[in-house]
Structures are given as structure tokens and as C-alpha cells.
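Below is one structure, written out as C-alpha cells; comments come after it.
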2 protein chains.
Amino acid sequence: MTATLIDGRAVAERLRERVAARTAELARHGVIPGLAVVLVGDDPASQVYVGSKTKQAAAAGLKHFDHRLPATASTSELIALVEQLNARSDVHGILVQLPLPAGVDSAAVLAVIDPAKDVDGFHAVNAGRLALGQDATVPCTPLGCLILIREATRELAGKRAVVVGRSNIVGKPMAQLLLQNDCTVTIAHSRTRDLPQLCREAEILVAAIGRPKAIAGDWIRTGAIVIDVGINRVAGPDGKNKLVGDVDFDAALSHAGAITPVPGGVGPMTIACLLMNTVNAAIRTRAGALGPLIGLK
Amino acid sequence: MTATLIDGRAVAERLRERVAARTAELARHGVIPGLAVVLVGDDPASQVYVGSKTKQAAAAGLKHFDHRLPATASTSELIALVEQLNARSDVHGILVQLPLPAGVDSAAVLAVIDPAKDVDGFHAVNAGRLALGQDATVPCTPLGCLILIREATRELAGKRAVVVGRSNIVGKPMAQLLLQNDCTVTIAHSRTRDLPQLCREAEILVAAIGRPKAIAGDWIRTGAIVIDVGINRVAGPDGKNKLVGDVDFDAALSHAGAITPVPGGVGPMTIACLLMNTVNAAIRTRAGALGPLIGLK
């Protein structure tokens with residue numbers, strides 16, 4: 001068989017359209033969702049990410065507030081900034097771009113973000129609400145992965161899902177989301193024995209390892225839905241850098257039922273979900289009065 | 001083979017001794033760990049549990065404060081009581097005995113407990129900290145299960161663990177603990193297909209289903225460590241009620257490597273872990289000054 005491609009760019013675009021439509025409705029209530037982005041230092045990759053985030057936020061009708069601090073900014077300066085942003089009623093979402101410079105206590109800064117404005121979903125309160133099945137802001141990447149899985153199938157209940165990777169940002173919340181959707185979920189990681197065999201059991205396989213082509217084609221069960229979170233830069237045959245995922249995509253095509261490409265799969269979903277989380281944070285500020293949250297559809 | 005019995009009564013007794021020893025040390029610093037227990041209504045089972053908790057707390061040298069309210073107590077009365085207990089410096093742990101009467105908003109009451117005094121580990125902040133791998137108060141039953149697993153083996157890394165049951169109180173935190181200990185963890189539940197086969201993969205099997213003998217003997221992998229969280233009351237051959245677990249214990253004996261009996265396995269651990277959580281909550285109130293937390297050993 002040849003796998004169906006799950007087109008993350010198209011899905012993300014449709015999600016951004018829903019976000020923009022909901023934002024336009026909110027404007028009629030006098031609410032403009034606002035996203036504050038805090039960027040410290042001059043890491044080029046972070047600057048690119050932040051640029052994309054603010055551009056897409058603006059395109060969807062959100063306000064954005066950029067806060068750029070020098071690499072010498074201290075933990076207490078950052079905490080003071082976050083506290084100011086917590087207090088502002090026109091800021092509904094606060095995103096502190098990671099990684100922060102080595103001298104900064106990242107955990108301390110993130111812990112200060114008001115959980116209601118924690119649109120990255122990294123705060124312990126949101127992680128806890130997700131774990132307990134309560135209304136939570138879910139980290140953007142696994143949320144995007146779930147939306148892509150639902151593009152491939154709406155019948156998740158009872159399916160064997162394997163998540164490879166146990167980070168706080170992707171693997172663990174991904175496992176929670178799949179469990180909420182009634183999958184039988186296994187979390188694998190660097191200490192897992194016989195990963196190939198485990199992957200072969202997966203009807204849904206989420207790879208979040210960060211190692212190019214770590215998942216071979218014949219590790220994939222026939223017909224499986226494969227979500228590749230990896231974005232790895234490798235030298236291509238022409239000597240130029242290219243992006244590849246954690247899955248050997250070409251080899252996987254003949255095994256999987258549906259698969260996300262890299263690039264163009266999970267990547268575009270992350271920012272779209274950030275916008276969704278921000279608009280939902282704005283909606284939650286006036287419980288009920290602003291209508292329903294943007295859902296997964 | 002015939003499985004080794006994991007003697008929960010003996011392990012719990014040794015843990016209580018460690019709790020008592022640590023409590024005696026704290027007394028030399030003028031700190032007496034205090035546990036407030038809130039019991040609403042007159043459910044006979046709850047009265048028995050609360051009686052055991054306060055008795056064991058007293059035996060280990062803790063103070064306990066009993067708050068018994070009529071079944072007619074309102075949500076706001078309970079919240080007011082919890083807020084009083086939050087403010088008291090001699091109360092280090094607050095336990096609200098569940099279930100609360102039907103008219104009470106249990107989630108609202110539990111959410112008010114100061115996470116630092118949430119010795120049941122049910123608060124979203126503690127669930128989140130556990131999920132994120134931060135210092136957390138862990139729910140007593142899965143914590144007790146982990147201690148029993150460590151009685152059977154200290155080599156958890158890479159082991160296949162299957163948790164059957166996905167409750168917030170047992171299954172989900174159990175999975176987090178096993179993941180932290182580097183197991184490859186699968187969570188199974190009512191929607192899981194082919195549970196027998198899945199269980200047969202488990203080197204560590206935790207059954208938290210609440211159905212008598214739901215796990216058959218031949219579902220158990222040879223040599224597996226089996227932790228039975230179930231406490232089910234069934235009519236025995238003599239017509240009298242007896243307690244059985246979620247695992248068919250007699251049949252499991254010839255497959256498992258080590259197994260907890262019911263009663264006398266997980267049950268005794270829960271209160272011992274509650275005492276441990278309470279003393280650790282007291283130690284945390286003076287960061288560093290009172291020495292290390294009680295660990296798993």
C-alpha cells in the first residue's frame with residue numbers, strides 16, 4: 001500500500017481560518033485576543049519562530065505585543081515582565097520563547113505565568129488539569145498532532161497508540177490526549193527495549209525523538225497512522241541542509257496507512273494551535289458570555 | 001513456579017516506623033506534623049477509613065484534627081473549613097474523605113486545598129508537578145504500589161509495565177510513577193481490545209479495575225510482578241463476605257514471580273503513604289532546615 005499524506009499545511013490553514021472567524025466574532029463583543037511574545041537574546045532560530053508567530057497572529061486578527069530583551073536579562077527582570085503581562089487585560093496569552101539564556105531560571109519564569117494565560121500549556125496547573133481530564137490549555141504540538149490524527153480517523157477508541165518520546169512538551173501530553181480519546185496508550189523512550197517490536201503494535205504511532213530516521217519503515221504496522229514530530233536538519237545528497245523527520249519517510253510510505261511529511265506535517269500545526277489557545281484563553285475570560293471555545297472539529 | 005508474596009502489611013509497618021522515627025526527629029525542631037481529616041455525613045465505610053487514619057497518625061506521633069460535619073453540610077461550608085485549615089500553621093496535611101454527599105461540589109472543595117497541604121495528591125497542581133517530573137505530592141495508593149514493586153525488584157528501567165485502569169487516583173499517577181522509573185508503560189482501560197494479550201506482555205502488571213478476579217491467571221506473564229489494587233467484597237463459599245482483588249489470585253500464583261495478596265497487599269500501604277506525605281509536607285514548610293524528605297528507600 002502507499003500511505004495517504006496528512007497535509008499539515010492545509011489542516012493548519014483551515015484551523016487558522018476558524019481562528020480568524022472566531023476572532024472576528026469576538027471583535028463584535030469588543031474583545032480582541034492578545035498574544036504577548038517574550039524573546040530574550042538573539043538566537044536566530046528563536047527569532048524566526050517568533051517572527052512567524054507574530055505574523056500569523058496578526059493575519060488571524062489577533063493583537064500581538066512583542067517584548068525583546070537582551071541576552072543579559074535576569075530571571076527577576078523576566079519575572080517582573082511576566083507579572084506585568086499577567087495584570088494586563090488586553091493580553092490573553094503569554095508566550096516566553098524557549099530556550100532562555102543559560103543564566104536564566106526558566107522554570108521559575110514559566111511558573112509565574114498566570115495559568116489562564118499560559119497558551120503554551122507548560123504550567124503545572126495546565127499539565128495537571130490535562131492529566132485529570134479537566135478543562136486545560138494543552139501544549140500546541142501534541143494538540144496539533146491530535147488534530148492530524150483525527151484527519152486520518154475519527155475512530156480512536158480502543159486503538160493501540162505508541163508515543164515514542166516522553167518530553168513534557170510533546171510525549172507526555174500526547175499520551176494524555178490519546179488516553180482521553182480512549183486509545184490504549186504506550187509511552188516508549190530511550191530506555192525502552194525492543195522498540196521496533198513495540199512500534200509494530202501501534203495503530204497510531206507518534207514519533208517525538210529528535211533523531212533523523214530513527215524509526216525504520218519496517219517498524220511500522222501495515223495501515224498505521226504515523227505522526228512524525230521530528231524536525232531534524234541533515235546534509236542532503238547535494239550537500240545542502242534539508243529537514244527530515246524521526247521516521248524514515250520513504251520507507252514508511254509502503255507500510256503506513258497515513259503519514260505526516262516533514263516538512264509540512266506537524267510543524268505548521270504548532271503555531272495554528274498557539275493561535276487557537278490564545279483565542280480560547282480570551283473566550284474563557286468571560287465565562288459563557290463569548291460563546292463556545294474553538295474545538296477540534 | 002509459585003509466586004513470592006509481597007507482604008504489604010510488613011512493608012507498611014516498616015514505612016510507618018520510618019515515619020515515626022522522622023516525626024520524632026522533627027519534634028526536636030519543635031515541629032509536630034499535623035493531619036486534618038474532614039468527614040462529612042455518616043457513611044459507615046468512610047467512618048472506618050477515617051478511624052484507621054487517625055489511629056495510625058496518632059501511633060506514628062502525628063497530631064490529628066478531626067472535623068466531622070453532618071451530611072447536610074454545603075459546598076460553601078466545606079470550602080470555608082478548608083480555608084481555615086489552609087491558614088493554620090499546625091495543620092500540614094488536609095484530607096477530605098471521599099465520597100462527599102451528592103449535593104456537594106467535590107471538585108470545588110478539593111481545588112481549594114492548598115497544594116502544599118494536599119496530602120492525598122489529588123490537586124491539579126500536584127498532578128501537574130508529577131506529570132512534569134517536579135517535586136510533587138503523589139496520591140497514596142499508587143505511591144504504595146511503587147514501594148511494593150520496589151520490594152520485588154529494584155531494576156525497573158526498561159521493563160514493560162501495564163496499568164489496567166485509568167482513574168485520576170490510581171491508574172494515571174501510577175503510570176507517571178512507572179514512567180519516571182524508566183519503565184515502558186501502557187495504560188489499559190475499559191475500551192482496550194484484547195486485554196489478555198496486553199497483560200501477557202507485562203513484566204509489571206498493576207490491576208486497578210474494581211472488578212473481582214477480572215484478571216485471569218493465564219493473562220499473567222511468567223515471572224511478572226503483579227500488584228492488585230482491587231478490594232472487592234464478594235460472597236464466599238460459606239456465605240460470608242470476603243475480600244478479593246482484581247486478579248484471580250490462586251490461579252495467578254503459578255504464573256507470577258511476585259504478587260500482592262488481597263487483603264494484606266496494597267491496602268495497608270495507602271494509609272502509611274498518607275502519613276509519609278503528611279510528614280513530608282511538614283518538612284517542606286521549612287525548606288532545607290528540617291532535613292531530607294522521607295524517601296522510598
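Yeah, the Cβs are placed from backbone N, Cα and C, and that goes for glycine too.
Keep in mind that TrEMBL annotations are predicted by a computer and have not been checked by a curator.
Per TrEMBL, the feature domain 'Tetrahydrofolate dehydrogenase/cyclohydrolase catalytic' maps to B:6-120. Marked as domain 'Tetrahydrofolate dehydrogenase/cyclohydrolase NAD(P)-binding' by TrEMBL: B:139-284. If you look up TrEMBL, you'll see B:Gly165, B:Arg166, B:Ser167, B:Ile231 marked as NADP(+) binding site.
In sequence order, the binding-site residues from B:Gly165, B:Arg166, B:Ser167, B:Ile231 that place a Cβ under 8 angstroms from a chain A Cβ are B:Arg166. On the 0 to 100 pLDDT scale, the domain 'Tetrahydrofolate dehydrogenase/cyclohydrolase catalytic' (B:6-120) averages 97 in this prediction. When secondary structure is read from DSSP and collapsed to three states, B:Gly165 (NADP(+) binding site) falls in the coil class.
Maximum C-alpha to C-alpha distance over the listed NADP(+)-binding residues B:Gly165, B:Arg166, B:Ser167, B:Ile231 is 16 Å.
Contacts of B:Arg166 (NADP(+) binding site) defined by a Cβ separation under 8 A and a same-chain sequence distance of 6+ are given as B:Lys172, B:Ile187, B:Ala188, B:His189, in order along the sequence. The most densely surrounded of the binding-site residues B:Gly165, B:Ser167, B:Ile231, judged by C-beta neighbours within 10 angstroms, is B:Gly165. The DSSP breakdown of the domain 'Tetrahydrofolate dehydrogenase/cyclohydrolase catalytic' (B:6-120) into helical (H, G, I), extended (E, B) and coil residues amounts to 60 helix, 18 strand, 37 coil. Assigned with DSSP, the residues of the domain 'Tetrahydrofolate dehydrogenase/cyclohydrolase NAD(P)-binding' (B:139-284) fall into helix, strand and coil as follows: 55 helix, 30 strand, 61 coil.
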